[in-house]
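One structure below.
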């Protein structure tokens, strides 16, 4: 049986490596499509600028120049859309490669020492994609601080913040969604050191973690503002605690600067927590829940 499992794991790993290599080759080939498109766009932009300079010198725009400018602008718009499509396809390939590597990291999480485990967990925070809008598109649910829709259910394997009872106390932990049945989540604590790792929870006691990072430049409204209370994962742990936002991320790669609140309503020193591990602070209804709502399975 052990030999069979080892062979199966080797086969899966081999397929993942093959898929990853295929995607990387595809990405490499796509890179060659970008320079010609950028060159064409620059040529059109230069023609537009030159035509506009001539119009400014004349002090007026004649019908021919107007017609030419409209045509150039239309060409530039088409070429820009084309460039965007090529870049978005390349981003999709990158996200697929990241997802394959993320699955490898998830399997490693189960067998690593505490320090390595926590480092790998932080790596997963940077594996989720950055959301880029199309035109005036608004950020979707689970992008940064944007809440999921009320009807949303986390998929099996997704990370969530879950309110559970362990070692006689209630705590918000990082867990993996296992299933959603009869209006309740089945979740598993990702910390393998815990004895009681499996729980069945009402939906209100589970908060899906962001699936995409937000960029302050393209969607500044997808962040928790300064001086707002949130649930944030305390560094070097897998537990969430109440924290006060002092500064949102400055780039899509940065985390929140927060102050954690202790049991005496005082604050810790400033700490940085990745977007991935910061969610909205729960309502009073959830904080004062009935203990019987948590059931181990």
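Glycine residues also receive a Cβ, built from the backbone N, Cα and C atoms like all the rest.
These figures come from a predicted structure and were not determined experimentally.
Here the domain 'SGF29 C-terminal' (150-287) returns a mean pLDDT of 91 for the predicted model. Feature annotation from TrEMBL assigns domain 'SGF29 C-terminal' to 150-287.
Residue counts for the domain 'SGF29 C-terminal' (150-287) under DSSP, helix first, then strand, then coil, are 13 helix, 64 strand, 61 coil.
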